[in-house]
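Below you'll find the structure, written out as structure tokens, and then a few comments.
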């Protein structure tokens, strides 16, 4: 019978091994290099290695190009040494095998070790197990799919070990890193019965578990008290998370504490599982040391100490790169890696160990090969390793060997008499060729005029006609030779004249610059215009520039509507195949001055500011005058200020702005003028405030009046902040009764105040006063305004209106009339009528005021047949007067609620005869005293009204149109409800004949006949 713990224990073991495998798999992986001979490759004349970077092969691969196309050789810079599609290169790993754990209980009995590389030609693969080749042809259990090794029916006894993948092509061979294949299994627990364990309540207990046979191994048990603890020596890879565990028995339950011997526990460490586990994430070398866990309770304690050792697998700090050398040059490669323990180095060539020889030196990661040969070409690998792993760095070495070759075999050079000329000789060859120069059948010998430079260039000083001819450069090395012929032609020197040489113009004018070249007629000539040494683009010049080519050897530049920015040095560059000549001319543009320099406020007073500035550019016209401008929060932009002296002449750099307002913040600027015009202003100065001064502006529009009884109200227009001249600004209100001598003065401290009220119970209403208003600030008192006469308030109305009468006009309207009170102080400016129902309080009533001094009012919107109480009182701006005695008035009954019924009409032409049933009022309604007939044309708002005491009417309608007729009863209580609308159509220009009748009726409950309707039409007039 299988144990239920078997799957869990198997999972724990495999999980632990998988964690270890991942930590090992995370180490840097191999690099490789190839050294190869390619006879047809291009060569270099430099004796330094050409190198390029090669990628690091880890658990994934990046798609880097196999080789860089960069050529560092001075003689082979004109073409690539390899094409991306066809050039051969050695194997480069894309995927290398990883450590693996295979469960023997797995249903799939296959194990796959992955390997993939790229190269040109495509690489082939083979495998090694524990350093021995795997023969897939003999052992049927092994098979290869691409580079992957498949192991069928894997067995721990045969297949356990370290595996390496070998990839090779015609260029070379590389080995992958080693990958460990392990096998995991878990047997069944023993079936023997276990003995019982007795324990007292509250004590701890450990039930020991003897695991079944298994692989890999598990942690065993150790000393008593601390029953489970971490191993005495713990090895951990740098960067992983380390967990140290201590479990102890005791009663009471012991507490676990941790410490690091001769050091502090890292701050990043965390305690887990009731402090039984010390977890240190991202372990580093400085975290190494001895750690102690201590279990204590009231009966004593015990401790366990173990050593944590942090190791690092090798990691590259410097790797080797692909290189190409000329035959006979020296190769020097160096690779460096870090690790703990310190790594050692070894070298492989095409997958085989490389040993020191006569030309080969190896020391501490450095490889030197003297006088490289074709046989040295191939793939090279530097291996850095310590006890915890190995890493590989790869690079390819190419040995270049080729006969000399020129891009072109013939060259023609045209030189100018008296000038130096250089004839280049740059063949591609490896090794560096021997160079000789010949002219005709004679070798060119070095002299004072002829020099052979190190780069094989032939340089002729002060060339002449005698130097014309064909020069042959011959290059030779052990692989062959090549020649290049240079034909030298010497021409007369070109001359260029640009006129005028110096010209002055004024802004807005135009000018033409003419450029003429004298040159050998066999040569074509090109012109290029420059402005201040920069090419001049006429299309981007805003239409100011135009090129004019009058002759093959002459070119003109027209500059229209010249601006200041067009001033400068103009150049005409003329070029032929033999020579380039530059002629220059200067264009000066006169215009308005530029802005003056920085404006500085040297001194400030209450009304003046002394300014200084520096001269700006005068644009070739002397500055005649300067204009000083100022801006404040109260001005509309910049304003010209008066100055001392006046005017400010062009040779001055200082002046005083005068007649400024005190205690105002100003900015200043300066504008220059010359005979051409006025230029741009300077930048504004810093803002400065003038000093304080006594106010100089008095308030205006002093007046007054109104107010309450016994009050004198004085008003004025406030002084703008611009003229307050300082802090602490306020007003002084002075007044005296007419005919008196002394002035009373009152201070108003708010600068924004516009009124002052003075109350005195002793003076009667409408007493005349002389009034004036002055100003002051912290500096002193300013001027007063002119004296004006202001009357004291007359007060609110003192008497009630008289002879108040009211009459009901209808059920909803009452007309009220009254007499104004006697004239005197407290004259009313209007009247207020209060009205309320007899059964209500006055406070719940309504109020209505007249417009002006009217003495009548119509109250509307009232209830019918209701008693109202009414009072009238006067009012003015001061207040309200006493009300009149309340009077009673009763509104009339409501008008009839029924409309006229059975409305009938007869139309004869434009005449319409109407009739309807009389309306009878109800008991609570007003009696009918007549009827109102309204007539209006459809689409218009105006109505014509006709009144009649009878229940019939005759209307004469205008010609043409549709008319709407409405009838309603009229009573003392107002108009009653309206009848339904009657629509009558008349014809334009056509009168109906007297015999043509049209009889109509509105819908009714009664049945009428046309004859009866005609008989009922009354003959009485309206």
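Easy rule for this one: first residue shown is 1, then count along the chain.
Backbone N, Cα and C define each Cβ position, glycine as well.
Per TrEMBL, the feature compositional bias 'Low complexity' maps to 41-50.
Residues or ranges marked as domain 'Ig-like' in TrEMBL: 91-176 (among others). Mapped onto DSSP helix, strand and coil, the domain 'Ig-like' (91-176) counts 4 helix, 44 strand, 38 coil.
Averaged across the domain 'Ig-like' (224-309), pLDDT in this predicted model comes to 87. The domain 'Ig-like' feature in TrEMBL is assigned to 224-309 (among others).
For the domain 'Ig-like' (314-398), the DSSP-based tally of helix, strand and coil residues reads 3 helix, 54 strand, 28 coil. According to TrEMBL, the domain 'Ig-like' annotation covers 314-398 (among others).
Feature annotation from TrEMBL assigns domain 'Ig-like' to 404-491 (among others).
In terms of DSSP helix, strand and coil, the domain 'Ig-like' (494-588) has 6 helix, 56 strand, 33 coil. Summarising the annotation, TrEMBL assigns domain 'Ig-like' to 494-588 (among others).
Mapped onto DSSP classes, the domain 'Fibronectin type-III' (595-693) shows 0 helix, 41 strand, 58 coil. Taken from TrEMBL, the feature domain 'Fibronectin type-III' covers 595-693 (among others).
Annotated domain 'Fibronectin type-III' per TrEMBL: 698-795 (among others), in sequence order.
According to TrEMBL, the feature domain 'Fibronectin type-III' maps to 800-894 (among others). Helix, strand and coil counts under DSSP for the domain 'Fibronectin type-III' (800-894) come to 3 helix, 47 strand, 45 coil.
Residues annotated as domain 'Fibronectin type-III' in TrEMBL: 895-989 (among others).
Annotation comment: TrEMBL describes 41-65 (among others) as region 'Disordered'.
The region 'Disordered' annotation in TrEMBL covers 679-705 (among others).
According to TrEMBL, the feature signal peptide maps to 1-26.
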Stretch with greatest number of CB pairs under 8 Å, the domain 'Ig-like' (494-588) reference, 224-309, 314-398, 595-693, 800-894, 895-989 candidates: 595-693
Helix, strand and coil totals (DSSP H, G, I; E, B; other) for the domain 'Ig-like' (404-491): 3 helix, 50 strand, 35 coil
For the domain 'Fibronectin type-III' (698-795), residues assigned helix / strand / coil by DSSP: 3 helix, 49 strand, 46 coil
